[in-house]
Amino acid sequence: MAINETIYPKLCILYERNMYSKGIWYGENPLDYFIPLAMFQIILFFILSRAVYFLLRPLKQPKVVCNVLTGLLLGPSVLGRYTTLMDNLYPAKEMLAVNTLCLFSNISFIFLITVKTDTRMIFRTARDDWSLGLLSILVPLGISYTLFNLLRDFLPGFQGGIAAFTVCGIMSTSFLSDVAYGMDELKLLTSELGQLATSSAMINDLVGWAILATLIMSSQTKSLSIEAMLSFAAFPIFALYAVRPTISWIIRTTPEGKQVDQLYVVATLLGAFAMGAISDAIGLSFLPGIIAMGLIVPNGPPLGAAIVEKSELIINEFFMPFFYLRLGRLANIVEIRDWKEFNALLLIIITGFLAKLLSVCLHSCFCKMRVRYVLLLSSMLNVKGVLKFIYFIRFLTKRRIDEQSFVLLILSNLTVTAIAMPLIEYFYKPHLRLETSLSAKLSTMSLHSTSSFGELRILLCIHNEDDVHGIITLLEASNPTPVSTICAYVVHLVELVGRATPLLAPYKKVGRNRTDRIMRAFTNYSKTSEQSVTVQPYTSIAPYKTMYENVCRLAQAKHVPLIIVPFHKSQVGEINASFRCFNVQTQAYAPCTVGILVQRGLSCVTCAEFSCNIAVLFVGGPDDREALALAARMSGHPRVQITVMRIIVRENVHQSELEQQLDDKLLTEFKAKTENYNFVQCLEVQVNNSVEILSWIRSLENKYDLVMVGKRQGSNLELEGDMATWIEHPELGVLGDMVASEDFRRGTVSVLVLQHCMVGETSKNRSSSQRRRYSIGSFSALLK
């Protein structure tokens with residue numbers, strides 16, 4: 001039966017105004033009333049969806065797949081085949097209210113994903129991303145629509161003409177929200193392929209919105225009145241010149257660093273519904289109004305992040321279940337009866353997925369992408385999500401497709417996502433690829449192989465304004481001069497909140513905000529340094545769990561031998577677990593030396609008044625040699641006093657002869673360089689065991705502003721191995737953790753813990769092959 005001939009029966013029932021049950025003791029069924037029914041649906045969906053997710057998680061299935069499966073499980077395809085359950089879970093007289101909640105959840109979800117969309121990203125997208133984005137939608141669209149016209153006689157459930165073009169367009173679009181949610185769940189948002197997929201999906205969204213506009217306009221009658229045409233034209237003008245200035249005023253009146261007033265957040269949410277109501281009233285449906293309002297609200301803090309933080313949880317967990325329940329109720333597998341139509345539509349769908357692969361292959365011909373990554377990227381672009389299912393429901397209710405076609409569209413997209421996500425997680429390991437690409441540069445991305453003269457590149461990670469003064473002091477202590485300059489890549493790390501896509505880009509001033517104040521502090525220091533320090537500001541917006549990828553990739557691209565990251569525990573004792581995770585991952589995957597700075601009052605007023613007393617604890621090993629190499633560069637500063645304490649441990653009999661030679665060579669060269677410097681002192685301390693090391697360190701006088709020590713990963717000292725399970729902060733090493741503790745000089749001494757590049761090494765022992773990468777002659781660079 002063709003879709004235009006389908007008979008939609010109407011059921012007349014007596015709708016009771018009372019939404020509450022009197023109780024089972026009065027012989028009433030609570031599920032006959034809306035409020036108990038809604039609560040029962042939410043609870044049942046929550047329990048079953050979590051159970052499905054728990055069972056399918058070993059198969060790496062995403063939450064959206066589990067939620068749709070739960071909806072299908074509760075629908076007429078499975079449990080709903082039992083009449084009793086179907087009548088109680090989907091009572092006819094209460095479905096009007098349930099469908100209204102489903103529509104409300106759709107409106108809220110679309111508003112949230114448009115708020116997260118960074119419209120400025122469209123203009124920052126590279127030309128290669130534009131080509132991939134256009135190819136990945138135009139090629140599948142062209143092939144799918146052509147094939148649809150060829151098989152038109154076998155598809156009675158589809159409307160022809162512009163409606164069919166619209167359906168094929170939505171089927172071919174990779175929506176940004178769907179791809180971004182999938183990549184975030186796989187922790188791939190900041191990976192190279194993840195960023196390429198999200199950039200391409202942004203271009204897809206542009207075309208998708210154009211198709212949506214076509215859908216809306218096609219639903220209107222051909223003969224529009226003058227009033228309707230004027231209202232269509234006035235709506236975007238009202239949005240741009242009335243609503244947008246109001247949103248800008250809210251942002252301007254919010255103090256920097258403060259939360260947006262709750263009144264403004266609620267007003268913005270109500271404004272989204274008002275815009276949807278206005279656009280629906282003039283005949284445009286509610287979608288253009290919701291999308292326009294979401295795009296007007298700037299993503300990220302303060303307003304966009306506040307809206308997402310305050311509303312995302314309740315929308316996803318309490319309102320979206322109604323959407324999945326309605327989806328499962330409408331998708332009845334029993335409706336599949338016409339197998340000719342089924343096979344024809346299945347052929348179009350499979351061809352569309354393969355066309356997406358073809359588009360990526362065409363793009364790879366220009367950028368020379370490996371076949372492995374072509375397959376992975378096409379799989380990422382084929383990840384489907386909630387937004388696509390919303391469109392399918394809309395097509396069904398507007399009678400552009402029939403029930404059988406709707407079921408097949410849901411099942412095919414669900415199957416592709418269920419297959420693509422685990423394949424991506426299994427075959428794409430960005431940290432392994434990063435490690436492989438960096439391993440060839442280990443011998444050059446370190447301090448000991450960098451000359452004491454000439455430019456020193458340092459990548460500085462900043463979490464907040466409290467980190468600025470200590471890091472500027474460390475820069476000044478590193479002896480920047482017109483001969484030995486310092487190029488500082490300052491990266492402000494911002495957590496991804498209220499945005500759909502990550503960002504790593506040079507910072508451009510966009511107003512007085514926290515990032516601007518941080519960058520102005522470094523820029524002012526650069527101006528007072530007489531061109532000895534140049535500052536390259538960057539902003540990295542990403543989830544902290546994958547933030548390290550941006551930092552490591554930037555360090556690799558700029559050939560930086562040293563990364564400085566702040567310690568995760570502030571001076572007032574506040575602990576940030578996200579910062580700590582970032583520091584540990586940076587140590588593990590950085591292509592160069594990583595220094596963790598424990599800031600304890602290390603500050604520089606002006607360059608003229610600067611002075612610093614530094615102690616270097618040298619036991620031996622690659623990490624300690626990095627600390628000594630940095631001290632060699634600092635030694636030329638006339639207002640920096642350096643005391644190098646060589647600690648000789650008699651029990652350290654397991655140290656290799658090569659390591660001993662490297663330690664002695666570097667110390668000899670350091671002494672030769674600084675023998676005429678009165679403010680540099682070298683001491684040797686002999687101890688019998690590791691216990692005496694700790695006792696001697698505790699006895700140090702409280703006269704040092706900064707203590708530098710190597711992390712000594714994989715040390716052979718017996719006590720360090722015994723204490724590894726007792727230290728509070730393993731990323732600082734045993735000695736670094738002790739010096740940075742509150743018990744050492746009441747926590748008043750700043751500490752810099754250095755770790756040599758670990759890429760290609762195990763987490764516990766440095767392989768002998770890596771030790772051979774060091775050459776004794778390389779330390780002569782310190783005397784050049």
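Cβ coordinates come from backbone N, Cα and C, glycine included.
Curation plays no part in TrEMBL annotations; they are all automatic predictions.
The shown structure was predicted, so the numbers you read here are calculated from the model rather than taken from an experiment.
Going by TrEMBL, these are the annotated features:
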DOMAIN    51-418  domain 'Cation/H+ exchanger transmembrane'
DOMAIN    491-604  domain 'Cation/H(+) antiporter central'
DOMAIN    612-756  domain 'Cation/H(+) antiporter C-terminal'
TRANSMEM  33-52  transmembrane segment
TRANSMEM  64-84  transmembrane segment
TRANSMEM  96-117  transmembrane segment
TRANSMEM  129-148  transmembrane segment
TRANSMEM  160-181  transmembrane segment
TRANSMEM  193-217  transmembrane segment
TRANSMEM  223-243  transmembrane segment
TRANSMEM  263-296  transmembrane segment
TRANSMEM  344-366  transmembrane segment
TRANSMEM  373-393  transmembrane segment
TRANSMEM  405-428  transmembrane segment
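Counting Cβ pairs closer than 8 Å and at least 6 residues apart in sequence, the transmembrane segment (344-366) and the transmembrane segment (96-117) reach fewer than three and form no contact.
Residues 59-62, 64-65, 68-69, 72, 155, 157-158, 171, 182, 185-186, 188, 191, 193, 327, 330-333, 335-336, 341-342, 345-346, 349-350, 353, 372, 376, 379-380, 382-385, 388-389, 392-393, 395-396 of the same chain lie 6+ residues outside the transmembrane segment (405-428) yet bring a C-beta within less than 8 angstroms of a C-beta in it. In this chain, the transmembrane segment (33-52) lies close to the transmembrane segment (96-117): three or more C-beta pairs between them fall below 8 angstroms, excluding pairs fewer than 6 positions apart. Residues of the domain 'Cation/H(+) antiporter central' (491-604) grouped by DSSP class, helix first, strand second and coil last, total 40 helix, 32 strand, 42 coil. Taking DSSP states H, G and I as helix and E and B as strand, the domain 'Cation/H(+) antiporter C-terminal' (612-756) has 60 helix, 36 strand, 49 coil.
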